[in-house]
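Engineer: Okay, these came from TrEMBL:
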- B:Arg208, B:233-234, B:247-251, B:264-271, B:Asn285: FAD binding site (BINDING)
- B:4-183: domain 'Electron transfer flavoprotein alpha/beta-subunit N-terminal' (DOMAIN)
Amino acid sequence: MRIVVIVKYVPDATGDRHFADDLTVDRDDVDGLLCELDEYAVEQALQISENSDDDVEITVLTVGPEDAKDALRKALSMGADKAIHVEDDDLHGTDAIGTSLVLAKAIEKAGFDLVVSGMASTDGTAGIVPALVAERLGVPQVTLLSEVSVEDGTVKGRRDGDAASEQLQASLPAVVSVTDQSGEARYPSFKGIMAAKKKPVESWDLSDLEIDAEEVGLAGAWTKVESAAERPARTAGTIVKDEGEGGKQLAAFLASQKFI
Amino acid sequence: MAEVLVYVDHVDGAVRKPTLELLTLARRIGEPVAVALGNGAADTAAALAEHGAVKVLTHEASEYADYLVVPKVDALQAAVAAVSPAAVLVPSSAEGKEIAARLALRIGSGIITDAVDLEAGDEGPVATQSVFAASFTTKSRISRGTPVITVKPNSAAVEAAPAAGSVEDLAVTFSEAATGTKVTGRTPRESTGRPELTEAAIVVSGGRGVNGAENFAIIEALADSLGAAVGASRAAVDAGWYPHTNQVGQTGKSVSPQLYIANGISGAIQHRAGMQTSKTIVAVNKDAEAPIFDLVDYGVVGDLFDVVPQLTQEINAING
Ligand SMILES: Cc1cc2nc3c(=O)[nH]c(=O)nc-3n(C[C@H](O)[C@H](O)[C@H](O)COP(=O)(O)OP(=O)(O)OC[C@H]3O[C@@H](n4cnc5c(N)ncnc54)[C@H](O)[C@@H]3O)c2cc1C
Ligand SMILES: Nc1ncnc2c1ncn2[C@@H]1O[C@H](COP(=O)(O)O)[C@@H](O)[C@H]1O
């Protein structure tokens, strides 16, 4: 079985994230890392492999700038077998629709039975790339799973929605996304980190995927950010120390704001 | 006037509040035409008409409940073909975003997710989004195709605006992909009797400081005194003290109520991502240095086991 895990390299959420002059996410001045939510995808791929009687090959795939190699290394050190990095200057500013095109082409070129992704990227947070990739590949989407298993060419999982918890099932090939409820991701072991250094990382550009530069990047994006403004800092509030009357003081505040 | 398609989120015909908010926003751009699918679809018409839907396109079929996402995309695509709308608005639930994304790709349009406001513009609707854990506000529009926009709950007021709301059957032919992912079982969530977290006007949350599942009774009592929904931080959820469906934050629900009360929550960036756009923020925390205090309109530095019960008692006394 060939599993492709799609992972994103994102600016650190605890750092000072901001926009570049062209209103794209600034990826130069902020430290980046493997999206924490995609670690869960790598983990589930590893578990599917460990629970399988077949030979499983796990490829991690990212579309991103040069530094995105760090994200691939991390996934390799967790235990993935090989990596593919799609990198091209013309990709700068690509939106979710464009990203899904590049991912789908790369996944097809790599060959796959199962695609595993995270629930959302921590910078974009849209959570739509897995559905878009499934649409493009023309295979079932089995998304937002908090539990997943693969047996006899069928993927099963549990999706905890707002109104109900659903059991889902689809035949491979398929696209799966997993949530942060699917189980803690493992830490890379020392051995894993050393082994990762020898694992193959292939680099592909747009011409390798037969994608025109006009289809992607800022110019090819189907959405346009017109302005970005830092949210004004909240005006400093009143802070009181509880000396026995804290609850009453708070009630008085809520009453003054007409909440009571 | 141009028509705007609004995807209806309903449970057996009962329209959920975020859809009514979408009708308010849709009226800023054109005439709302609602699309209601699945069991009870036609029963949505009265509520939709009352809030401005000129037409309600309905289609009932077992596929909507038996298979994931794609049947709904097929139907919405059929509605777009039938109406040629100026825009398509979908509530920003996890499923809503997936439906909208696949629709956008199929009709060759751009997509904007998680808008918190929407205005008409010269070159099409302009959506406001709140990004990077709500530290930035962006304005965007769609530069290609029919704008497809998903909108977060609590982004607009529900307004009465009576319109015809005439019900019409939508003709839908399901694609081959529609039956790809089967729903083999469904366990409905049990109702707590409290308001829906994302729709509530007031949210009362508890974090690691609540220190145990049994202690959440204190948080619930405060919530009930205010008619509020109950939220929890991931630390409280991971500890098994409260269900994941109540988690507020990046990987939980994003809420934007009139009032948010954080109890025993430090205010980590991932938590803030889900509550920072609340109108009024209040916190109770025993650590004066907790980052949540940077956000508050009113904060009490103190032990929540003293402050919260006193507050609840006071509210109940005032309310008589
Ligand atoms: C990818 C990712 C996604 C995440 N998603 C989310 C998310 O969706 N939601 C979320 O909440 N977190 C999320 N987190 C986790 C987040 O980083 C924090 O770990 C979490 O929010 C901490 O929860 P807490 O504030 O309850 O706990 P803590 O940070 O431990 O804070 C507990 C607070 O309680 C106070 N306290 C303790 N006892 C008392 C008392 N008796 N009275 C009053 N105050 C008391 C303490 O002073 C402290 O400030 C995510 C993390 C990652 C990496
Ligand atoms: N540039 C990318 N490269 C690889 N995978 C990605 C990329 N962008 C998004 N993904 C995957 O799609 C998921 C959802 O992303 P998003 O729709 O941006 O929230 C992520 O968790 C990743 O698994």
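Cβ from N, Cα, C; glycine included.
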Engineer: If we take B:Arg208, B:Gln250, B:Ile265 as the binding-site residues, which have a Cβ under 8 Å from chain A?
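Structural biologist: Contact set vs A: B:Gln250.
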Engineer: For B:Gln250 (FAD binding site), just count the other CB atoms lying within 10 A of its CB, please.
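Structural biologist: Total other Cβ atoms inside 10 Å, all chains included: 23.
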Engineer: Across the domain 'Electron transfer flavoprotein alpha/beta-subunit N-terminal' (B:4-183), what does the pLDDT come to on average, as a whole number?
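Structural biologist: Mean pLDDT across the domain 'Electron transfer flavoprotein alpha/beta-subunit N-terminal' (B:4-183) comes out at 96.
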Engineer: For B:Ile265, B:Ala268, listed as binding-site residues, tell me which one has the smallest number of other Cβ atoms within 10 Å.
Structural biologist: B:Ala268
Engineer: Mind giving me a neighbour count for B:Gln247 (FAD binding site)? Other Cβ atoms within 10 Å of its Cβ, every protein chain shown.
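Structural biologist: If we count other Cβ atoms within 10 Å of B:Gln247 (FAD binding site), we arrive at 25.
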Engineer: Which Cβ among the binding-site residues (B:Arg208, B:His271) has the fewest C-beta neighbours inside 10 Å?
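Structural biologist: Output over binding-site residues B:Arg208, B:His271: least Cβ neighbours within 10 Å is B:Arg208.
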Engineer: Once the DSSP letters are reduced so that anything not helix or strand counts as coil, what is B:Ala268 (FAD binding site)?
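Structural biologist: It is coil.
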